[in-house]
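These come from Swiss-Prot:
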TOPO_DOM  1-16  topological domain 'Cytoplasmic'
TRANSMEM  17-37  transmembrane segment
TOPO_DOM  38-51  topological domain 'Lumenal'
TRANSMEM  52-72  transmembrane segment
TOPO_DOM  73-92  topological domain 'Cytoplasmic'
TRANSMEM  93-113  transmembrane segment
TOPO_DOM  114-119  topological domain 'Lumenal'
CARBOHYD  Asn119  N-linked glycosylation site
TRANSMEM  120-140  transmembrane segment
TOPO_DOM  141-144  topological domain 'Cytoplasmic'
TRANSMEM  145-165  transmembrane segment
TOPO_DOM  166-180  topological domain 'Lumenal'
TRANSMEM  181-201  transmembrane segment
TOPO_DOM  202-215  topological domain 'Cytoplasmic'
TRANSMEM  216-236  transmembrane segment
TOPO_DOM  237-252  topological domain 'Lumenal'
CARBOHYD  Asn242  N-linked glycosylation site
CARBOHYD  Asn246  N-linked glycosylation site
CARBOHYD  Asn249  N-linked glycosylation site
TRANSMEM  253-273  transmembrane segment
TOPO_DOM  274-279  topological domain 'Cytoplasmic'
BINDING   Thr279, Thr280, Tyr281, Ser282, Met283, Val284, Gly285, Ala286, Leu287, Asn288, Lys289, Leu290, Pro291  GDP-alpha-D-mannose binding site
TRANSMEM  280-300  transmembrane segment
TOPO_DOM  301-304  topological domain 'Lumenal'
TRANSMEM  305-325  transmembrane segment
REGION    326-337  region 'RET2-binding'
TOPO_DOM  326-337  topological domain 'Cytoplasmic'
Amino acid sequence: MSELKTGHAGHNPWASVANSGPISILSYCGSSILMTVTNKFVVNLKDFNMNFVMLFVQSLVCTITLIILRILGYAKFRSLNKTDAKNWFPISFLLVLMIYTSSKALQYLAVPIYTIFKNLTIILIAYGEVLFFGGSVTSMELSSFLLMVLSSVVATWGDQQAVAAKAASLAEGAAGAVASFNPGYFWMFTNCITSALFVLIMRKRIKLTNFKDFDTMFYNNVLALPILLLFSFCVEDWSSVNLTNNFSNDSLTAMIISGVASVGISYCSGWCVRVTSSTTYSMVGALNKLPIALSGLIFFDAPRNFLSILSIFIGFLSGIIYAVAKQKKQQAQPLRK
């Protein structure tokens with residue numbers, strides 16, 4: 001069992017908060033926005049090329065934070081044991097693949113392009129729920145998915161306009177380099193698949209193992225540590241020169257901040273999946289790209305044009321339609337649960 005220490009055992013005011021769908025969604029939104037922005041900052045630092053190390057720091061911070069909370073009596077979760085570790089290891093492995101491919105995609109792609117494939121993940125997860133959990137997708141929900149994809153396509157057109165304008169201002173050789181294949185598409189395609197598998201399989205394993213939020217957070221991160229370190233030693237450059245370039249004061253500070261942000265996203269992602277559904281979790285993740293797009297205008301010099309702004313409005317419209325569709329579905333099935 002895992003829980004947050006809340007005081008007396010009688011009526012627990014925190015119980016309603018811990019099982020609140022809207023609060024879990026808002027918490028997940030805030031933490032995931034902070035996580036994405038800090039990750040984008042880290043991977044865009046000059047000469048930074050040790051993504052696995054960055055992700056290792058994040059998981060290490062999460063693990064240490066949980067252990068401290070447990071010592072202080074504010075958190076309870078299952079101790080690491082062989083049976084649970086064996087059952088949960090595939091989830092942690094998928095988590096490593098998901099967060100690594102996400103960091104590589106953010107490194108090479110603009111946020112609007114990144115959003116397109118995240119929206120495709122929503123559809124994969126929605127129909128994955130149909131296959132694995134007996135769920136259903138209404139025509140109204142499908143309409144919201146299509147609108148979300150449309151908002152991403154419109155954002156991409158805006159991004160392409162900006163790229164074309166930039167290429168036109170460059171010399172012919174540089175323009176050719178701009179037009180060359182972007183490896184970010186490969187990373188995004190891989191991230192799309194691993195994200196869908198992670199969310200669907202984690203939800204199933206949570207039901208089978210009866211993991212609570214802190215259990216999920218602890219096992220996700222502590223099992224990811226050796227995987228991340230092994231991958232880093234295998235594929236990343238650990239020479240003294242490269243370590244010096246990667247571990248500057250700016251990069252270390254940014255990695256610590258991103259590690260703190262990962263504490264929130266690690267807890268809130270499991271919390272959101274438990275009290276809502278994996279489709280709602282993924283849709284909220286896609287809606288996060290809207291404020292992230294706005295932060296990109298401020299921090300990351302994202303394209304500023306009519307199409308970029310239009311995509312934001314279409315995205316919010318799709319979110320409203322999705323919320324109404326979910327409400328109608330619940331009203332049509334009042335006796336379930």
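Just so it is clear, glycine is given a Cβ too, placed from its N, Cα and C backbone atoms.
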Could you state the CA-to-CA distance between Asn246 (N-linked glycosylation site) and Asn119 (N-linked glycosylation site) to the nearest Å?
32
If you count other Cβ atoms within 10 Å of each one's Cβ, which of the glycosylation sites Asn119, Asn242 has the most?
Asn119
Hey, would you say the transmembrane segment (305-325) packs against the transmembrane segment (52-72), going by three or more CB pairs under 8 A that are 6+ residues apart?
no
Could you tell me the mean pLDDT over the topological domain 'Cytoplasmic' (202-215), as a whole number?
80
So which one is it: of the glycosylation sites Asn246, Asn249, which has the fewest other Cβ atoms within 10 Å?
Asn249
Around the Cβ of Pro291 (GDP-alpha-D-mannose binding site), the count of other Cβ atoms that are within 10 Å:
15
Give me the Cα-Cα distance between Asn119 (N-linked glycosylation site) and Asn242 (N-linked glycosylation site), rounded to a whole Å.
36
Which sequence positions outside the topological domain 'Lumenal' (38-51), separated from its termini by at least 6 residues, show Cβ-Cβ distances below 8 Å to it?
100, 102-104, 106-107, 111, 232, 236-237, 242, 245-246, 248, 250-251, 254-255, 257-258, 261, 296, 299-300
Between Asn249 (N-linked glycosylation site) and Pro291 (GDP-alpha-D-mannose binding site): CA-CA distance (Å):
28
Over the span of the topological domain 'Cytoplasmic' (141-144), count residues by DSSP class, listing helix, strand and coil in order.
4 helix, 0 strand, 0 coil
Short question: which residues 6 or more past the ends of the topological domain 'Lumenal' (237-252) have a Cβ under 8 Å from it?
42, 45, 47-50, 53
Quick one: what's DSSP say for Pro291 (GDP-alpha-D-mannose binding site), helix, strand or coil?
helix
Cβ-Cβ under 8 Å with the topological domain 'Cytoplasmic' (141-144): same-chain residues at least 6 beyond its ends:
126, 283, 318-319, 321-322, 325-326, 329
